[in-house]
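First the structure, in the form of structure tokens, and then the observations on it.
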Amino acid sequence: MKKDNSKWALIGIGIIGFIFLSLGVLLYIKKQSFLGVAIASFMGLSFIYVLISEIIYRKKSKIIINEKLVSEKTIIKQSLETFLLNFLGNLAITIFGGYLIYISEFSFLLLNFNFSFLIGLLFVAYYGFLCLKNVYYFFYKKKHLILSNRGIEFNQKLYSWSEIKNERIIEKEEYSNKYTYMMKYFSFRTKGNLHEFKLEDYHITDTELVQLLKIYRNRTSKNNTMNTQPNDFESILNYEEYLDLSLEEGEKYLKKVREIAEEKRNEIESYLITSTINSTSQHSLIYSALTEDFQKWKTLLSNEFIRLFEQAKKSSNYEDIFEALDEIMPDECPNSEEVKKVVYYLYNELNNSNKMIRHKAIWYISFWLDEDNYHKFPEIINRIKEKLNDNYWKIRWMANNFLMDYPNVNREEIKLNFWDKIKSKYGNPYSID
């Protein structure tokens, strides 16, 4: 309703607010109950507040932002208007619940709990909890969004513009008990993740946000000229740029990367080893292209996998390294010595003292070890079974997930406990905290 473009919506909000305020005044003049006056007045003021907020919102939507006045960083705070509406609405129902308890004439000693008392208690407990939740998330667990020349930051994690793809404002249908309505979200993608933020939760209009996104994105584009390096490998697109290509263009580009690698076969390993892996480097796309012809490049790819895994164990930049490793996964694992070398390397890492390394070892084994070859590696299967008793629940879940594909395993022996199932339902078992 806040972002409905129809003028009739504003008129309707104003009329409803006026009716409630008039009702509050009438009840006060007639000296009716204080609760009736309070509720009618609250509802009237709430609708008037929404009306004023909507008018201000529409005026701000017409503002053209001057790029020269935009600083290096813009902090988008949570919406005070949305907080107040949610908090005051929940508070009103909590007070109403307290009133029901007050008039119910209950007695703890006589256990005289009537219907009014139970309904009032339910309102106080549930909506009182929502009041506290509103306050906690607004004042103590702030969900600010930060736009800057470097990227987008939230929850103290920065996503650079090179990582961000398809940032936009979208509309989604949402449902209440009786109504269907459209809600606007700010949405963008990073590799493997979709991030969405409800716009009404933030103190910014969609028009302002679109302008700021364009300004910061353009600044980054001006400062990063693409494909100007003389080195053939450095002229290759990074993975995020590759994702902007169409399916047909992408296939042609991967073929081009393989041709470059073939022409520079004596130089490619040196380039991969000496160049730094980060979110804008070419490693991921090179590995992805070569993996499509795994048989030809199996020696290089298996050596690179082990080298990068060792590097990730010691590096603070392990996230970017693991993202590159994710691309070295043959679709069909050939029964070769190179693949066995990687599988046994990961087997040894299953007992690593670092929980992240144990977790990643199981994850990668599931891609390098073909299901048809499970019976050839009983020692690996047995060690993964041992991980069902690991002291970290995500590793127990990962081991269970792997063994569910093993045909000769007793399902009762590998069954997850109740709490691991609950954690996996509400947590992300694929990421390590």
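Glycine is treated like the rest: Cβ placed from N, Cα and C.
Predicted automatically and left uncurated, TrEMBL annotations should be read as such.
Keep in mind that what you see is a predicted model, and the values were worked out from it rather than measured.
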*Identify the coiled coil range according to TrEMBL, selecting from 163-190, 191-218, 247-274.*
247-274
*Which listed range (7-28, 83-103, 115-140) shows the maximal number of Cβ pairs under 8 Å with respect to the transmembrane segment (34-52)?*
7-28
*Please work out the mean pLDDT for the residues of the coiled coil (247-274).*
88
